[in-house]
Amino acid sequence: MKTITIGIVDDHPLFREGVSRSLTEIEDFVVVGEGANADDAATLAASHRPDVVLLDVSMPGGGIDAISKIVAQSPQTKVLMLTASEEVDPLMAAMRRGAAGYVVKAIGSRGLVEAIRTVVGGSRYISPIMRAKVEQSLLDRPASLTPRETEVIELVAEGLSNKNIARRLEVQEKTIKHHMTEILFKLGASNRTEAAIRWRQGA
């Protein structure tokens with residue numbers, strides 16, 4: 001069984017310690033570092049390069065601003081945001097910055113374990129209550145795909161990878177990843193397959 005390494009960054013020590021204690025009870029989970037602010041998050045990522053960092057949205061230095069610092073130090077690390085708020089805008093901002101998941105702190109241990117395994121496995125995870133709010137927000141504020149995003153989702157629907165789409169459209173792969181992030185939000189999808197299905201249904 002492959003070990004999943006975890007960093008926890010939250011400015012509330014009791015919460016941080018409780019999460020750490022809960023996660024270390026999982027056989028294949030190892031907490032490799034903890035922190036309380038954005039600078040700690042960057043240092044932790046550089047020092048330990050964990051599989052996932054649990055990051056408080058409202059900690060000193062700004063959790064959302066810390067995402068890019070973590071990704072810069074350790075590109076393979078997944079960032080899973082933790083929040084006590086149920087506002088949609090911070091979620092959108094976090095995912096656009098590169099977060100792999102977004103969970104409310106009331107999710108409970110079982111839900112947090114599921115979220116960690118999901119993002120480490122390469123998929124996005126959003127707490128069910130937040131997903132419902134995002135979907136409602138999208139209904140309230142419908143956003144259409146740009147012509148380029150439409151090109152990208154058409155190629156996704158054909159089964160092409162990001163690398164092949166980038167080659168087809170003669171752009172860098174990171175540009176396609178950015179387009180996919182926007183597409184997922186606009187379509188209210190959590191992965192490429194779901195996005196393609198929703199696009200077909202609405203096309």
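Even glycines carry a Cβ here, placed using N, Cα and C.
Annotations in TrEMBL come from automatic prediction, not curation.
What you are looking at is a predicted structure, and each value in this text was computed from that prediction instead of being measured.
Database features (TrEMBL):
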type	residues	note
DOMAIN	5-120	domain 'Response regulatory'
MOD_RES	D56	4-aspartylphosphate
DOMAIN	138-203	domain 'HTH luxR-type'
Secondary structure content of the domain 'Response regulatory' (5-120), with strand meaning DSSP E or B: 59 helix, 27 strand, 30 coil
Secondary structure content of the domain 'HTH luxR-type' (138-203), with strand meaning DSSP E or B: 48 helix, 0 strand, 18 coil
Neighbourhood of D56 (4-aspartylphosphate), C-beta criterion under 8 angstroms, separation at least six: V9, D10, D11, H12, G63, M81, L82, T83
